[in-house]
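Here is the structure we will look at, set down as structure tokens.
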């Protein structure tokens, strides 16, 4: 994450003595955009490095891209496949050509004059057989989304992107080609209308919550949060009497311009345009398009969605985008940039009463640096140094001092990669969360404990608390891509359900690790997979947890405990429902019980 700021509510001080020829924006001649001058649909800002949610297949002969940074996990699930990405041009500029069918871009950045002509190369024109693809997004959901459809689209985008990355790895790319599986995946889903919230609006976006995180600009486009893949200002036209005027609906502060973005409640945002490129130097910004929309929003006082981009705490070479909620523009002015040219500045203030989002990241930043203590901290490290990273114990709910002590059992090749925290929930005992964000597919930890023969060895009434049983019935979910989207035979699609050679029951009652504190949810954000370890020529099955979707920091980690076969029989009219417990997960699709 970027360097820490004060994190207070004070307004940044601006030295206006160095501003030459200062004019209020209202004194400048506005330039209204015509329909042909709509915000460009172009490239992405820089800031994403390659991502390997799972380890690479053995024997891979793909030549590595020197621009890529690879990350591997110590364990690979049985249905895993490889993914990779390349960094975008650091200037955020357009490239000479873009191939929509391959998702690749070629050559060096071009001038802004030629950029507008090349925008049309990004039209979504891929040929996909409708019969091979289950769209799964209704017409009404395309206009107005909900939480489930938002998560579904995100997961399908990431699954498709991973598969396209794998296919690209098997190819020999000519020199000058930068592979962008995220662009190609976005093109395919846009073409097939696998998107939501297509109806542009001011204010909240159905199904997108404050604090949600994204690793690609295209994700925000597919969800209707921010429709511009390159431009930082998204706006819409509204009628004002007999005329139409632009109003800003959302902005992305990604660090490309000279923004002051350290305060958690105030953002000093720089207008768009005027940046230097290889063909010409910097120029004065103009009161047109997005800049004009922000000025009109200042006058009208409408809400503006704000997305903040920052460095990923897990991988400093990557960028993560955080939806920080609704702001209002309070003030605007013109000042001199470092280049000496005039730029527009807008002061946006966060609307009170919203859940913390960017503020959570700033608080964690202070905890890491030791600048402030964690509220409700009981122990800085529950594991007493047994884990490679400390696991804090926190209770800011009541006076309980902690769960029963347990022996820490490590079943990794390596230890924890992130800073975990065991915390007291309001109504479900102790839970687990992380100071770091998880990207979909990221390895989290194993379920460590003692392998037992049957649940009854643990003790009556304690099975659901301390036992992981692979023989239970688990709700299925869609994780893999649709093969028809990449013109592959549907029969090669990876198996969705875990394939466990023999039932495995693990008890963490006496010996375990942090996974012991993960609570059940009928709508979880973590899933499990069996993995194989070789030890003294013997194959051993372990249970590993992975992020089902992007998980923001300080979000409780949950997985589906499943239902016992006995419980299934009772639900179908059998004679018993022994062992089933009331579920308190609070999910909209809660089953009511588990175990």
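Including glycine, each Cβ sits where the backbone N, Cα and C put it.
Copied over from TrEMBL:
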- 57-73: compositional bias 'Polar residues' (COMPBIAS)
- 203-350: domain 'YDG' (DOMAIN)
- 418-562: domain 'SET' (DOMAIN)
- 579-595: domain 'Post-SET' (DOMAIN)
- 55-114: region 'Disordered' (REGION)
Using DSSP, what's the helix, strand and coil tally for the domain 'YDG' (203-350)? 19 helix, 63 strand, 66 coil
With DSSP, how much of the domain 'SET' (418-562) is helix, how much strand and how much coil, in residues? 18 helix, 52 strand, 75 coil
Report the mean pLDDT of the predicted model across the domain 'Post-SET' (579-595), rounded to a whole number. 79
Reduced to three DSSP states, the domain 'Post-SET' (579-595) has 0 helix, 4 strand, 13 coil
